[in-house]
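A short worksheet on the structure shown next.
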Amino acid sequence: MDNKDECCSTHLIDGDGMFNVAGVENFMKEVKLAECGLSYAVVSIMGPQSSGKSTLLNHLFHTNFREMDAYKGRSQTTKGIWMARCAGIEPCTLVMDLEGTDGRERGEDDTAFEKQSALFALAVSDIVLINMWCHDIGREQAANKPLLKTVFQVMMRLFSPRKTTLMFVIRDKTRTPLENLEPVLREDIQKIWDSVPKPQAHKDTPLSEFFNVEVVALSSFEEKEEQFKEQVASLRQRFFHSIAPGGLAGDRRAVVPASGFSFSSQQIWKVIKENKDLDLPAHKVMVATVRCEEIANEKYVSFTENEEWSQLEEAVNSHSVRGFGRKVSSILDACLSEYDVEATFFDEGVRSSKRKHLEEKLLQLVQPAYQSMLGHIRSDAFERFKEAFEKALKGGKGFALAARECADSFMTHFDEECSDAIIDQAKWDSSRVKDKLRRDVDAHIAEVRSAKLAEVTTLYETKLNEALAGPVEALLDGAGDDTWPAIRKLLQRETDTAVSGFAAALSGFEMDEESRDNMVLRLKDYARGVVEAKAKEEAGRVLSRMKDRFSTLFSHDQDSMPRIWTGKEDIRAITKTARSASLKLLSVMAAVRLEDESDSIDKVLIVALVDGKAGASSSKSITSVDPLASSTWDEVLPSKTLITPVQCKSLWRQFKTETEYVVSQAIAAQEASKRNNNWLPPPWAIAAMVILGFNEFMTLLRNPLYLGFIFVAYLLFKALWVQMDISGEFRNGVLPGLLSLSTKFLPTIMNLLKRLAEEGQGVANGQPQANPALSSKSFRGSTNDHGDVSTSGTSEVTSENGTEYSSSSLHDKAQ
């Protein structure tokens, strides 16, 4: 064989039993085996000739052992023992390909080499693969059973015990599950071990002391090549780190160092070659074994081809079959009776053994159909249970009562259906399927129970959320001394109402007291959580809330009417009141107070932010600690804190900054109002004018014509005052008022003269004469809450032709 890639191989022992010493030495040097120390593993394979051993090794370990050419017929491919290094597997793994057993080339009598090579493989290998056909399981001559029996016995006598892993590779696996094949194979191995005579030192030694037994199954390479390769690739992964703890050979013993492998193997083969105590079973037993096996195989094939069985098998794959157990039992009984008739003259022990094996094989063949039948019974019962359970719940029956009655009813129904599927020859127990049904029923009940409990819980949580969120927000918006007591009262009332309904809803579930109390407690905690969450939400908007409250109290009076700054209001007192109310809101929002416990947050805020500022200038020399220089409040848990003292201080500073503009605007408006209302000269000036103008006053009294002229001048001045809105112009200051009046004065005079001319022309044309002067006026005003007169901005003047003009219309026309 040629070496390629990482694979390196050599002919270890030739077909004549000669050990290739030189070839092994060269092989060790090429693979550098001596450098591995104890970190290497040896794997070998044994099995019947042409059973695909070399093919399996080449796919499993990427070796290049010679494979049989199926087109040239079945013949011996591997002669002697070949050894190769596995490619791509760590640690270094050596694999030995043994000559197949039962080969026609050696004949029936020359089986010594087969026994010697098998014993050699068991002696030097950590893992031995035993290649066997799936249909050979249970056969006396299959899987090298007689050979393995002899090897067990001789190995204990020749060598010190070492732990070897026997991996039985079942080839061309049929539909029979591995779970059903493996127990049969393990039982046969144990029987072989128990039957082997043992030295006194190992009289009671269990098989597991010498061997680890593993069983794997592979699909047919020829019929299902892709599936075969996938399974082999999966099996290959198990040989990585095989000598590590937990690996296939993780508990091996008496390992020979790699440098001594060649010498150790040579000595072991020498001892095996010199041994003469290897025997085969007696000829009589062998003939009985072969013939009874043939009869059993014939009856097995006859059963599989039975038309009635085929129809039953096909039907049970899709639905349950009435009388399944009775029908299958009848077919099995007929098949076994035919075997008894044909095998009656053979050795009783072999005959009984093969009959038992045939019965086991038939039952293994029938078992999948039986399991399908039980599966249909279970699924039908489960579906009908779910329908009945749902119907009972919709009918208003209590949950626990409905679950109990429906479960008991359909478990009884399941037992009745299973009794109809029992096969007489089998002692199968349907308890596992029944337990599965019980688990499915319990799981469905638990699932529905969880859904119903979640539905009830969600319902009452939603009610609590609706009952608490809005009122709590409203109470916090109007924060005051009684806010948290009111919230606690609201929480207690709504929680009691919800808990009462919730407990009534839980009564139908028949819960234990502890579980019910836990759910009620979680509902109460949820209610508290709603309040706390809403409080946290409002605390996040506290600055906006403070500004809104300040604006409301500062800009509106006690009757919620907008303030008019006339100059008589105490802005300082109003500002203090509004800020105190805003500070109260901040203190209320600072912590969650769902327990009736007092705290000093309000006092601390007043002292630090209001009283402390007032006395700061007079006590600059006195050093004191800022009560707000902390991240926690006294007597308040951190988990209940919404706004820390440091945050309160920062919020208050920002609040004052953002509200100072409103206060300054109010002060400016008040000063402007005072200026507008104080247009008369001071009293001393009036007294001086009276004293100094006494002579002029007497002159007016002596000449009434002056009075008429002054009256006409007053009317004209008044008309100009109203139309030009002189008082309004001066509200924005003296200089802006003068500039505005200077632009309006001349157009207003021209407009008045034009109107007087038009009215005079109308009189000359014979129209009814009216007072040429401004005969009447109406000055409408209103008195505010402080007794001041504020103009409505409209004055009405009646012209000579009787038309009324408002001051605003005259102003527009004048412009």
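Backbone N, Cα and C define each Cβ position, glycine as well.
Just so you know, TrEMBL annotations are computer predictions that nobody has curated.
All protein chains considered, the CB of S54 (GTP binding site) has 22 other CB atoms within 10 Å. If you look up TrEMBL, you'll see G47, P48, Q49, S50, S51, G52, K53, S54 marked as GTP binding site.
Residues or ranges marked as compositional bias 'Polar residues' by TrEMBL: 764-782.
Summarising the annotation, TrEMBL assigns compositional bias 'Low complexity' to 789-804.
Residues or ranges marked as domain 'GB1/RHD3-type G' by TrEMBL: 37-252.
What TrEMBL lists as region 'Disordered' is 763-815.
The annotation topological domain 'Cytoplasmic' is assigned in TrEMBL to 1-680 (among others).
Look at TrEMBL and you will find 726-815 (among others) tagged as topological domain 'Cytoplasmic'.
Sequence annotations record features per position, and here TrEMBL assigns transmembrane segment to 705-722.
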Any further residue of that chain within 8 Å (Cβ to the Cβ centroid of G47, P48, Q49, S50, S51, G52, K53, S54) of the recorded GTP site: G100, N131
Q49, S50, S51 as binding-site residues, winner by CB count within 10 A: S51
Neighbouring C-beta atoms (10 Å sphere around the C-beta of G52 (GTP binding site)): 25
